[in-house]
Amino acid sequence: MKVKAPILLLFVFLINFCFSIKQTQQQNFDITIDNNNYNNNNNNNKNEIINNNNKNNNNLNDEYFEKLGYDTNGTKCDICKFGINQVQKMIASKQGIEDISKYAIDLCTYLHIEKAEVCNGLIPLFANMTYNVLSYPTVTGEYVCGFVGFCPYVPRNSSNIINFPKPKPPHVPPVAPSPNSPTMKILHISDIHVDPVYESGMNADCGEPLCCRAPNGPGVGEKAAGEWGHYLCDINMKMVESMFEFIDQEFGEDIDIVFWTGDNPPHDIWEQTYDSQINASQLVTNLVKKYFGSTAKVFPAIGNHESLPVNSFPLPPGSSWIFNALSYDWSDWVNVDEQVANLQYGGYYTLPVQSGLRVISLNMNWCNNGNLYLAENSTDPANMLQWIVDTLQASEDIGEKVYLVGHIPPGIPDCIDSWSEQLLQIVNRYEDTILASFYGHTHRDEFSVYYTQSDENDPSSPMRASNVIYTTPSVTTYQHQNPSFRIFTVDSNTGYLMESSTYHTDLSQANLNGKPTWLLEYNTTNTYNIPNLTPISMDLAIQNINSSNSMLEDYHVHYYSASPYPESKPCTSISCKLDYICKMKSAAYLKYYECIHHEVNNYLLNESDDDSIKSHKKLNILLDLNNYLNNEVLKSC
């Protein structure tokens with residue numbers, strides 16, 4: 001049995017990469033930090049957090065690991081390094097992929113990570129990637145485990161300094177457009193995840209990553225898939241078509257631009273094939289063409305679920321099969337030779353909207369820490385960061401404004417820290433060129449703000465808002481989400497954002513009434529009492545939410561698109577508030593840790609206790625936050 005130790009690695013990957021999509025197993029959010037030595041200028045904050053993970057968070061079978069010869073008092077970091085080292089020993093002894101896959105399937109089944117059929121389908125999909133990456137001579141257990149988030153991560157290029165071709169010109173604050181200005185409308189849809197074999201009446205709680213299918217058998221009561229969908233499953237084609245029909249009827253030719261930011265396939269990640277992935281893209285492409293192909297300019301972006309297996313994007317030219325397929329599907333819109341070449345090379349491109357305004361579509365899988373291929377090069381995979389700089393510089397030189405669109409927001413744990421920090425530098429350098437950024441991936445409705453020094457020559461100067469990320473809620477209901485889309489109203493002349501309007505349908509009511517009713521859920525300016533969507537106004541929105549419990553609860557409800565979940569879990573705790581406020585203030589993920597400590601210190605500022613008692617209170621707040629993040633915040637991927 002000792003030979004089975006190596007597949008511990010694959011077990012770790014199953015947990016961390018969200019392969020099993022189990023809500024309690026995504027990301028490490030442990031916040032037990034040394035209160036006295038907090039330095040927010042580097043990775044030390046996050047690494048202290050990771051180092052304090054303990055075995056209570058591992059959810060592993062201790063008896064099994066003791067049989068493997070592993071000390072179960074170790075941290076998740078220790079477990080990960082142990083597994084990596086064992087696999088690398090197995091590779092060095094010339095044992096093959098088939099051996100590792102067999103052992104991984106045995107472990108996956110033995111520990112009930114997934115049902116046997118899921119283990120048998122899922123693990124072989126990842127075996128080649130795992131074997132190949134761990135065969136790199138420079139890849140160590142410590143490095144890989146840091147990369148995936150279980151250990152302190154030290155990127156090979158630790159400076160992360162971007163060299164810009166020209167110095168930054170003096171900042172010119174944006175002038176909000178007049179309310180009477182002519183406008184355009186941008187439709188943003190993301191994370192459709194349509195399941196073409198969804199079947200009403202089937203079991204929605206089947207114990208697999210995706211249910212509501214005929215092989216799952218019939219469900220009973222609330223666990224039966226509804227006619228229009230179920231909160232535990234991906235969306236069905238019937239509901240997707242209803243959404244597109246509503247948009248067409250309500251807005252018609254008023255939609256000028258469509259941002260479509262990826263993730264078309266369902267979450268049946270253990271059953272997927274090259275053909276199924278391509279077919280999923282074609283299915284959604286045909287819908288977008290049907291409703292907007294002749295009336296709007298469409299700008300797609302690639303998601304992490306487009307590849308096979310999920311999250312897996314080898315460095316160029318290793319991902320050419322999916323990039324070429326998408327290039328074919330998107331040929332009505334991405335049809336300039338130079339940009340077709342960029343798309344086929346790295347999954348990114350840029351195109352003009354009109355004179356003075358362009359879109360840069362990013363492949364955010366080059367920052368995805370679920371993409372193990374980036375262990376080989378996480379500094380600037382596919383040269384996309386340098387390409388972004390070159391493209392933005394060209395736009396700045398001619399006074400052109402830019403929208404950034406992509407799938408994975410850079411301020412969440414799924415984006416590699418060092419890469420995220422580099423993008424932060426780029427956005428702040430070109431803040432007067434970039435109008436806003438638009439992402440999806442989390443399935444939730446959220447926004448975050450970039451900040452920079454008010455005087456960039458003075459590191460002690462106060463911070464000011466420089467740009468904004470808008471994360472649009474998903475079309476899919478997976479998980480606990482009402483189907484949603486967003487309409488931005490923008491100034492026709494300048495492209496400046498004026499309003500953000502989010503629409504959804506109540507899935508429970510759709511199933512009850514026999515048809516969905518699509519409604520405006522909220523307008524951002526009215527809900528958060530701000531005049532417009534400039535970075536300064538969105539920073540004001542954060543201040544308003546921070547000072548108003550009712551506004552915070554509104555944000556909480558909108559975060560889940562007014563699904564039943566927030567009604568059962570109101571945002572009344574310090575932890576809930578801390579999490580939301582710091583997400584809003586963290587367009588780069590390491591800023592989240594900085595924000596947490598800043599907010600907690602402010603909270604304790606007026607306490608009359610001595611320092612030791614304050615330190616104890618702070619630790620308790622951080623422990624409560626850690627528990628909240630691991631047990632109450634729903635994750636999607």
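Cβ coordinates come from backbone N, Cα and C, glycine included.
Since the structure is predicted, the reported quantities are computational estimates derived from the model, not experimental observations.
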For this session: Would you identify which residue of HIS230, HIS441 Swiss-Prot lists as part of the Zn(2+) 2 site it also attributes to ASP263, ASN304, HIS407?
Result: HIS441
Exercise. What does Swiss-Prot list, out of HIS112, HIS443, HIS480, as binding the same Zn(2+) 1 as ASP191, HIS193, ASP263?
Worked result: HIS443
Exercise. Of the residues ASN279, ASN532, which is given the N-linked glycosylation site tag by Swiss-Prot?
Worked result: ASN279
Exercise. Can you tell which of CYS18, CYS77, CYS233, CYS367 is bonded to CYS151 by a disulfide, based on Swiss-Prot?
Worked result: CYS77
Exercise. Given the recorded positions ASP191, ASP263, CYS595, which one's Cα is the least distant from that of CYS119 (disulfide bond)?
Worked result: ASP263
Problem set entry | Conformational class of ASN523 (N-linked glycosylation site) under the three-state DSSP mapping | strand
Problem set entry | Averaged pLDDT, computed only over the residues in the domain 'Saposin B-type' (73-155) | 82
Exercise. What subset of the recorded positions ASN128, ASP191, ASP263 lies within 10 angstroms of HIS407 (Zn(2+) 2 binding site), using C-alpha positions?
Worked result: ASP191, ASP263
For this session: Could you state the whole-number distance in Å separating the C-alpha atoms of ASP191 (Zn(2+) 1 binding site) and HIS441 (Zn(2+) 2 binding site)?
Result: 6
Problem set entry | Residue among binding-site residues HIS193, ASP263, ASN304, HIS441 with Cα closest to the Cα of CYS595 (disulfide bond) | HIS441
For this session: Quick one: pull the CA-CA distance for CYS233 (disulfide bond) versus HIS193 (Zn(2+) 1 binding site), whole Å only.
Result: 10
